[in-house]
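Take a look at the structure below.
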Amino acid sequence: MEVPLLKLCGSNYPLSIAFIVVNEFCERFSYYGMRAVLTLYFLSFFHWDENLSTAVYHAFSALCYFTPVIGAIMADSWLGKYKTIIYLSIVYVVGHLIKSVGAIPSLGNQAVHVVLSMVGLFLIALGTGGIKPCVSAFGGDQFEEEHTSERSKFFSIFYLSINAGSLISTFVTPVLRGDVKCFGEDCYALAFGVPAALMVLALVVFIAGSGLYRKTPPQGNVLLEVCKCIGFAIKNRLKNRSREIPKRDHWLDWASEKYSKQLIGEVKMVTRVLFLFIPLPMFWALFDQQGSRWTLQATKMNADFGIYVLQPDQMQFLNPLLILVFIPIFDLGLYPLIDMCKFNFTPIRKMATGMILAGLAFGLAAIIEIKINETDMPQLVPEESLIRVLNLAKNPVQVTIQEKDLFQQPVETFQNPAEYSKLILNGEQQSLRFTLQHQGLTLAFNYTVKEKSVYSLIVFEAEGSLSSRLITDLEAKPENGLAAVRFINGLSQDVNLTIDSRKFIAVQKNYSPSEYSLLERDRYNNGKCITETGEFPLELGLLDFGASYTIVITNISGGAVKTWKSEDIKANNVHMAWQLPQYLLISAGEVMFSITGLAFSYSQSPASMKSVLQAGWLLTVAVGNTFVLIVAEAAPMAQWAEFVLFTVLLFAVCIIFSIMGYFYVSVDPEDLEEKEEKRETSSRGNMIGLVTQKTKL
């Protein structure tokens, strides 16, 4: 039954589209908000390495773009768009809830967390992908046929709601993750719980408009028909390989025994465009790394913008923001200016330019990665270790290591070493003799040193004599831009330290070291040092992004604790603002590639086949993410080298795509349909005089 359509404020816009737009905003907030923190969730909560975290992230993204095919088949062949959206949204909500529960640290062990998270992600991928081809088409169904301009504006508003949801969520959910603490650490349960609540709201809003919707029944799936037609053509051609059988003009003509000429002609148009889609996944392989590799890169940068410290996963909000800015600039400014210059900027050329911009973005990412690596610890190889000397005595000390040519000059008292020295061993581990020369006295100590380890030799005075201790240091930068700090207690009594009212650290006396503690980047000047004689204020100063510190408690005087701070690993000195150019380039590339590609494929397909090309476009995104997954797991390499690899591959694919586009001849589907109709009319005209006669054998 036709539902009488209520209008918005006397316009030709159905009231039902308001529920659809709000539903889409909430759903996109839910999806992008959850995905924004996903890579850091794998890295910090599961303690997976960067390659595995990247691989699982892109496996999830790929699945999100494979499942639209399932949703389209369900909607067109079985349930209709409305019921498909309802049922898969329920699956979507359940997935979010399971994902949020899996992020509660106190619930089971890591295996339980991984299982719950993977099940939740699978259901989310099924839900978000399944409703993707249905919601926008369902919104278009709400308009009457004569209101084409209103329908066109609806799709613009719909796209705006997508970007608005993405923009807000990619800024808000990282704040919920990093700035809010629960269970003593980053609050991933809240960061996933808020998107889950938004998805529940999306479902409630959509159901609330049920009585206003125009619901079209399922009318058969065109995608299935196209696949059957192609399959029959291939099968029929393989059966008829004899040279005596006449050849046909096109390989799809072998389906003419079963399918109409009109369907075969339309499939021919579609396959021409789908063939042009073959190089496109490489663009998406680069584009979707904003949420994985680029976020991981941001964790190794300085995020202090003065008035605000940005979370590394918040940088992703730049993409939807720049898209909203670039679309009117390109449509109203750049493209008309290029037309005025009489340059034929065809859709193929626009897409190729978008590829070039994305490649340049990754070239910049590689340069930034090289600069970031300058503050990293050196990569150690077998039979190699790093060592430095911290002289906590009152006078300079000359240190000599057995048969090693290190530390030529005496180490000054409380001298902050510029860098570690490389120590070459004769096996996996070696016992070495350390000789200390101090005020005419020579002392020797034996220590066992293991390969691929980092050490500090502490030299100090105890009971009137020189002594030493070999302690193990961090081998790599702290993750996620955190600061690592440990304490050496130079007092003759045990101490208990309180940092930022949360961290309680017990350090034994006589130059004993504590374990490393990971802290958020901040100035810590409100600490406390509790000893047998009383409680004293403790000031640590700034603990910066990605740095590692050794803080020596030297004495207590003037009612305060005196300390000396050594920077073991340098802080992140490349500012996060340097990622802005690469975001600018890849967002401009997206406008020229994605929007142009969708419009081009829409213009090159007949009306009945537009959904098929939409499915083909979404599959290019899935294949691109799958390619990143393969590279991350099968060919691990230095991050800057991986960025260079993707840059070179995209430039190579761009050349191939440009050559394919050069030989591609644009067509107007309506013209082809008119020619087909004239051809059929002409054929029928020639058959008017024919009379069917009965004959006998």
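Note that Cβ sites are derived from N, Cα and C of the backbone, with glycine treated the same way.
Caution: TrEMBL annotation is automatic and unverified by curators.
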(request) Would you please say which range out of 30-50, 156-176 has the annotation transmembrane segment in TrEMBL? (result) 156-176
(message) At a Cβ cut-off of 8 Å, and with pairs 6 or more apart in sequence only, do we get at least 3 pairs between the transmembrane segment (580-600) and the transmembrane segment (350-368), yes or no?
(response) yes
(request) Could you pull out which residues elsewhere in the chain have a CB under 8 Å from any CB of the transmembrane segment (643-665), counting only those six or more residues past its ends? (result) 272, 275-276, 278-280, 282-283, 285-286, 289, 293, 346, 348-349, 351-352, 355-356, 358-360, 362-363, 365-366, 369, 631, 637
(request) Tally Cβ pairs under 8 Å between the transmembrane segment (188-213) and each listed stretch (54-73, 85-105, 156-176, 317-338, 350-368), then give the stretch with the top tally. (result) 85-105
(request) State the non-local partners of the transmembrane segment (350-368) in its own chain: residues 6+ outside its ends, Cβ under 8 Å from one of its Cβ atoms. (result) 282-283, 286-287, 293-294, 297, 574, 578-579, 581-583, 585-586, 588-594, 596-597, 600, 640-641, 643-644, 646-647, 650-651, 653-654, 657-658, 661
(message) Given a Cβ distance threshold of under 8 angstroms, which distant residues of the chain, six or more beyond its ends, lie next to the transmembrane segment (156-176)?
(response) 20-22, 24-30, 32-34, 36-37, 136, 139, 187, 190-191, 194-195, 198, 311-314, 316-317, 319-321, 323-324
(request) Answer yes if the transmembrane segment (111-135) and the transmembrane segment (54-73) have at least three CB pairs under 8 Å among residue pairs 6 or more apart in sequence, and no otherwise. (result) yes
(request) Would you mind listing the long-range same-chain contacts of the transmembrane segment (317-338), meaning Cβ under 8 Å and 6+ residues beyond its ends? (result) 32, 160, 163-164, 166-167, 170-171, 290, 345, 580, 583-584, 586-588, 590-592, 595
